[in-house]
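According to Swiss-Prot:
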BINDING   TYR12, TYR35, ARG104, CYS105, ASP106, TRP107, ASP108, ARG115, GLN116, TYR117, GLY118, ARG119, GLN125, VAL126  mRNA binding site
COMPBIAS  126-136  compositional bias 'Basic and acidic residues'
COMPBIAS  182-192  compositional bias 'Polar residues'
COMPBIAS  196-210  compositional bias 'Basic and acidic residues'
COMPBIAS  211-222  compositional bias 'Polar residues'
COMPBIAS  225-234  compositional bias 'Basic and acidic residues'
DOMAIN    32-110  domain 'RRM'
REGION    122-144  region 'Disordered'
REGION    177-234  region 'Disordered'
Amino acid sequence: MSELYSTPQPFYYDKKSGFTQDEFKHAIDKSSTIYVGYLSFYTTEEQLYELFSKCGEIKRIIMGLDRNQKTPCGFCFVEYYSKEDAADCIKYINGSKLDERLIRCDWDYGFKEGRQYGRGLSGGQVRDEYRTDYDPGRGGYGKQRQFEMDQFSDVNGGDITYQQQILQLQQSQQQHQLYQQANAGGPQNYSGKRNRGADDDSDSFKRQRDNNGSISAGNTPNKGRFRERDEEDD
C-alpha cells in the first residue's frame, strides 16, 4: 500500500512522447521534472523560481513559448535535482494560486528540446486554439474565436459583439437561401420551354388580329369586323 502513495501518478499520458504506456510510466518513475500548466502569459521566470524553490533546489526552469512569436504561452517545465523535492512540489504547490490563477503541477517524463514550444496551429497551446471564453491572462479569446471576430470586424469596418456576429451570420445564410429559392425556377424561362400563360396570350392575340382584318396566308386582307360607319366593300 505504501508503494501506491510513493509511486508518481501522472494525470495524463502524452501520446506524442513516443513511449508505450509502460515505457511512459517507467520514465515517470525515474523523472524529477514537473510540468506546470494554466499559467498566465505574464508570469515571469523569476516568479516561478521564487515559488517552486520553496520545495527544493531547482536545476532549471524551461518556459513554454509560442512556436511563432517566441513569447510565453502559459506553461513551463521545472526540473528538480531530487525526486523527493519534485514530489513535494506536486503535493504542496499543485492547485495553488499564482498571478490570480490556480496552476496545475503534474509529473513529466523529462524535457527534450522542442517541447518548450506550443503544439497549437497558431503556435500556442492547443487549449488556447478552441477556448471560447475571454481570459485576459492568456491573451483574451481563443485563437479560433479571435480569428472569427477579426473577420467580422474587417467586413463590417469596426468592432462588433459576438452576439452581433452570430446574428449577421444567420442573416447572411438566410439571404443566401432566399436567393437560391428565388432563382430555382429561373432557368426554365431560358431552357426553350414555353410558358403556358404566354401561349394563351399568343393565341388570344392571333384571334384578335384575325378578327380585325389581319392577312391570312394566300388571301387578301379582310375588313375589320367592326365598322365605325357604313361603308361599301371594295
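Cβ from N, Cα, C; glycine included.
From a predicted model like this one, the values you see are computed outputs, not experimental measurements.
Sequence-distant contacts of GLY118 (mRNA binding site), defined as residues of its own chain at least six apart whose C-beta falls under 8 angstroms from its C-beta, comprise GLY64, LEU65, ASP66, ARG67, CYS73, GLY124, GLN125, VAL126, ASP128. Counted over all residue pairs in TYR12, TYR35, ARG104, CYS105, ASP106, TRP107, ASP108, ARG115, GLN116, TYR117, GLY118, ARG119, GLN125, VAL126, the record's binders of mRNA, the longest Cα to Cα distance measures 19 angstrom. Candidate binding-site residues: GLN116, GLN125. Fewest other C-beta atoms within 10 angstroms, GLN116.
Taking Cβ-Cβ distances under 8 Å and a sequence gap of 6 or more within the same chain, the neighbours of TYR12 (mRNA binding site) are ASP106. The local packing around ASP108 (mRNA binding site), expressed as other Cβ atoms within 10 Å of its Cβ over all shown chains, amounts to 24. Taken through DSSP, the domain 'RRM' (32-110) splits into 21 helix, 31 strand, 27 coil.
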